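Participant: Before I ask anything, let me first share the structure, which is written out below as structure tokens.
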Amino acid sequence: MTKNPRTLYEKIWDAHIVERREDGSALIYIDRHLVHEVTSPQAFEALRQAGRPLRRPDRTLAVPDHNVPTTARVDSEGHLLPIADPQSAKQLAALAKNAPEFGVRYISATDPEQGIVHVVGPEQGFTLPGTTLVCGDSHTAAHGALGALAFGIGTSEVEHVMATQTLILTPAKTMEVRVEGKLSPDVSAKDLILHIIHSLGTAGGTGYAIEYTGEAIRNLSIEERLTVSNMSIEAGARTGLIAADEKTFAYLFGRPMAPKGADWEKAVQWWKSLATDKGAVYDKTVIIKAEDVQPSVTWGTSPEDVVPITGVVPDPASFADPAKQAAARRSLEYMGLEPGQKMEGLAVENVFIGSCTNSRIEDLRAAASVVWGRHVADNVKQALVVPGSGLVKRQAEAEGLDEVFKAAGFEWREPGCSMCLAMNPDKVPAGERCASTSNRNFVGRQGPGARTHLVSPAMAAAAAVTGHLTDLRHLEPVKMGEKA
Ligand SMILES: CC(C)[C@H](C(=O)O)[C@@H](O)C(=O)O
Ligand code: SF4
């Protein structure tokens with residue numbers, strides 16, 4: 001019997017249906033649940049109140065990330081240092097108590113594997129192709145880079161998954177975002193996803209599960225794919241899939257929680273069968289030309305407010321939609337910018353290299369290669385490098401990247417979400433600008449009044465060493481022997 005051709009999304013969906021419902025929704029089995037301290041306390045509490053156990057503790061992994069300080073966490077005798085903010089302290093303490101109580105594997109704030117939940121999942125091999133994976137966090141889309149049907153859920157859904165290992169879901173429409181051709185060596189995966197979000201708009205992906213395809217996507221490393229899938233939610237899509245291929249298998253092979261031996265062989269066979277069939281139809285296809293992607297930067301307070309670094313701040317009057325015009329005016333006022341102003345040369349007082357979008361080893365290497373032999377500019381008051389996990393940090397240290405950053409005047413911190421959303425003490429002061437490798441430039445995101453410009457790791461590094469937003473193609477080369 002020949003089956004209708006299906007997309008990757010449809011295959012994973014079909015494989016997880018527990019029960020179809022009359023209204024078109026379905027009860028879907030959830031394979032993997034990642035838990036952090038912000039969206040889990042109420043869910044654990046509700047289970048406790050109801051006297052219910054957690055259905056599959058072995059499929060659940062908990063790690064604190066949003067509230068942890070990125071400065072030293074223990075004193076010289078190894079005792080945990082107190083957390084100053086009471087709300088943060090409460091959330092962290094709740095996770096430390098709840099996870100072991102419900103039998104969930106808990107990576108603590110002082111464990112070497114601790115890190116941002118979306119960095120830890122792939123790194124541990126907890127995230128696998130063909131699985132359904134959820135977390136009470138909107139950037140769960142990141143895990144789609146490994147071919148997992150991964151999406152963020154709210155706290156009440158967190159409770160539902162904890163109690164039943166299922167969710168009632170309505171199937172999404174499918175959208176192919178095909179990136180044709182080759183990216184220029186000057187541009188990164190971050191520039192690509194900023195370009196895509198600009199093309200789609202922040203609501204363009206609403207109701208869709210994106211699948212990224214095409215030559216430029218296939219050519220990306222797994223870490224670069226994670227950057228792309230991570231920001232799908234900024235285009236409105238809860239899911240951003242990339243079909244698993246040989247690179248995915250090589251990345252996952254031997255990871256602590258990945259299948260081993262005969263199970264591995266069986267798994268790879270199944271993962272290979274999940275690729276979208278020839279002739280399968282997406283509800284929508286968007287074609288992006290890789291050659292159009294340039295080193296990019298955001299000017300406003302929405303991730304779609306993207307221009308090439310060579311560009312200027314747009315005139316709000318240039319937008320056709322009156323609502324967009326008004327939003328752009330508000331953005332410019334908040335950002336302290338004028339229409340027509342050049343992006344390159346805009347002074348920044350803060351630089352943040354981190355977040356689940358750009359804090360993996362390849363990101364740190366890209367930033368360090370720009371920083372090498374240079375120094376953080378005098379007008380930059382804070383330049384932070386926050387590795388995505390303890391393992392990334394250790395790897396970077398083994399490669400000497402920490403020394404490159406420290407010698408240049410960067411602060412080398414402990415892993416966590418940090419200045420991506422400023423729930424911990426890492427904040428951008430009001431009215432100051434930050435070149436940031438994170439994913440959201442919302443009003444107040446990096447601290448009240450903070451002005452965020454989203455960029456790639458290499459562009460953030462270039463901004464740090466020049467003191468202003470800089471086209472990295474314009475940096476003078478550092479000659480060997482001239483290292484500061
Ligand atoms: C705190 C958490 C719920 C939130 C999210 O859902 O994404 C955060 O991670 C973010 O990036 O804004
Ligand atoms: S690093 Fe930022 S985007 Fe990622 S989970 Fe943490 S707060 Fe959310």
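In case you wondered, yes, glycine gets a Cβ from its N, Cα and C as well.
Feature list, courtesy of Swiss-Prot:
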BINDING   CYS356, CYS417, CYS420  [4Fe-4S] cluster binding site
Participant: Counting across all protein chains shown, how many other Cβ atoms sit within 10 Å of the Cβ of CYS417 ([4Fe-4S] cluster binding site)?
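Facilitator: If we count other Cβ atoms within 10 Å of CYS417 ([4Fe-4S] cluster binding site), we arrive at 31.
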Participant: Within 8 Å of the Cβ centre of CYS356, CYS417, CYS420, which other residues of the chain have their Cβ, at the recorded [4Fe-4S] cluster site?
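Facilitator: Going along the sequence, the neighbours come out as ASP65, HIS66, ILE116, HIS118, HIS139, GLY354, SER355, THR357, SER359, GLY416, SER418, LEU421, SER438, ASN439.
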Participant: Sequence gap of 6 or more, Cβ distance under 8 Å: name the residues on the same chain that satisfy this around CYS356 ([4Fe-4S] cluster binding site), in order along the sequence.
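Facilitator: Same-chain residues close to CYS356 ([4Fe-4S] cluster binding site) (Cβ under 8 Å, separated by 6 or more) are ILE116, VAL117, HIS118, VAL119, HIS139, ALA142, ASN230, GLY388, CYS417, CYS420, ASN439.
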